[in-house]
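Report on the structure given below.
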Amino acid sequence: QLDHTRRFTFTSTSLLKACLRFSHELRGTLSICNKLCYAVGGAPYQITGCALGFFLQIYLLDVAQLDPFYASIILFVGRAWDAVTDPTVGFLVSRSPWTRFGRMLPWIILSTPLAVVCYFLIWYVPPFEDGKVIWYLVFYCLFQTLQTCFHVPYSSLTMFITSDQKERDSATAYRMTIEVLGTVIGTAIQGQIVGMANAPCVPVLNGVPAELGGNKNAYMIASGIICGIYILCAIVLFFGVREKKESCRPRSEPMSFFQGMKLVMGHGPYAKLVMGFLFTSLAFMLLEGNFALFCSSTLGFRDDFQNILLVIMLSATLAIPFWQWFLTRFGKKSAVYFGTSVRPAAERSSEPKAPLAGGSMLPDVVDDFQVANPDSVGHEAIFYSFYVFFTKFASGVSLGVSTLSLDFAGYITRGCSQPAEVDLTLRLLVSAAPIALILVGLLIFRSYPIDEERRQGNRKLLQELRDQEAESESDSTELANMA
C-alpha cells in the first residue's frame, strides 16, 4: 500500500510538472493580433523621427528663417538632451512598480497626449522674432523627453510580452516591418503635403535673399495628421497588448543609475553592439539630415525632392522580405554586417536590414547577460535605454555638426543657388563622411561575439532555468497541498 501511494504521488508530481511546463509554453504564445497591436506601437517613433530627420533642418532654415548657427544649436542641444533622457528614463522605468496595466504600458499611454502637443508646436512659427530660438529649443527638448517616455518602455516591452524567444523574434519582425512602413508614412505625409505647398526659391540680391513667403500652414497640417496617427497607435498598443508578469522572474534589488550603467556597459557583447551601431547610426543620420538639402540645393531638385524620398523609402519597404529571409538563413550578425556593407552604394534603400537584424539583436544580448548573470534580472529597460542613448547622441552630433558646417560654408536661406563651398560641404556630408563611419562600424561588428550557435546555446540554458523554476513551483505547490 505504501509503495502504491509513492508511485501515485510520483505520477501525480510528474503530471503536475508537465502541466506547468505546458502552461508556461502556452502563456508564451502570442496571437497574430497581439503581434500586430504590439508592432503598431513602433510606428509613432519612426513617423515623427522620419519627419524630423528629413525636414526639421530645412524647416528651421527656410521656413522659420533661423540663422544656420542657431539652427545647429537647436538640433544639437535637442538631440543631446534627448540622449541624456534615455538612460534616465530607463533607470526610472526599471524601478517602476507593477500596476494592473503592467510596468511599461502606463508610461506609454500617459506620455502620449503631452508628446503630440509638443510635436505640433515644433512645426508652428510663433508670431514674434525675439525668443524664437528659445521656442523651438524648449518644445523640441520637451517632445524628445516625452517621446523617450514612450519609446524606452516600448522597446523594453519585447521582454515582457512573452518569455519565448521564438515568439519575441516573431514579434520583433512584425515590429520592424511596421517601423519601416512608418518611415514611408512619415515621408509621404510630411513630404507630399509640404511639397505641394513648397514656395519657390528666392533670388539673391547682393548676397541677401528677398522677402520670403512661407509654407507654414502646410507644415502644421502635416504635423496635425501625424499627431492623430501617434495617438491612434498608442491606443491600439495599450488595448491590444498585455504585459505578462509571470513571464519575468523576480527582479533583483534596485540599483543606482551609475551602477546600472556600469553593469550593462561592462557586458562585452552589449558594448560592442552599441559601439557598432553608434558609428553606423552617425553615418546614417548624416545622410538623412542632409539629404533634402542635398537634393534641393546641390542636385537642383527643389520641387521634387519629396518624391525622391518617397520612392527611396518605398524601395526600402519592398526590400523587407529579402532581408527577413537573409536574416533567417544566415543569422542576425551576418545580416547586419552584409547589409551595412552595401549601405553606401544603396543609400536609403538598404535601410531595412539594420532594423530587422539590429533591433532583434538586443533581446539576444539581454539573454546572454542573463546567462552570465543569473542573479541579476529585471534590468531590461536599462539595456534598451543606453542603446537608444548612443543612437540619439549620434543623431545630435550629426545634425549639429552638419548644420554648423553649412553656416561656415555660407549657406543662404532659401536662395536659388548656393556658394560652391556649400555644395562641396553637402557632398561630403552625404557621401565621404558616412562611408568612413560605416567602415569603422563594420570593424567593430566583426568582433561581435554572439553568433547563431551561442544564441541557441543561451536559449537552451534559459529554457532549462525556466524549467527548473517551474519544477520548484510545482514542488512548492505539492508541499502546500500535502500540508
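Glycine is treated like the rest: Cβ placed from N, Cα and C.
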Range among 33-52, 193-212, 393-412 that TrEMBL annotates as transmembrane segment: 393-412
Contact between the transmembrane segment (424-445) and the transmembrane segment (104-122) (3 or more Cβ pairs under 8 Å, separation 6+): no
Non-local residues, at least 6 beyond the ends, that sit with Cβ under 8 Å of the transmembrane segment (219-241): 33-34, 36-38, 40-41, 43-44, 47-48, 51, 55, 59, 63, 101, 105, 108-109, 112-113, 115-116, 119-120, 122-124, 150, 154, 157, 161, 185-186, 189-190, 193-194
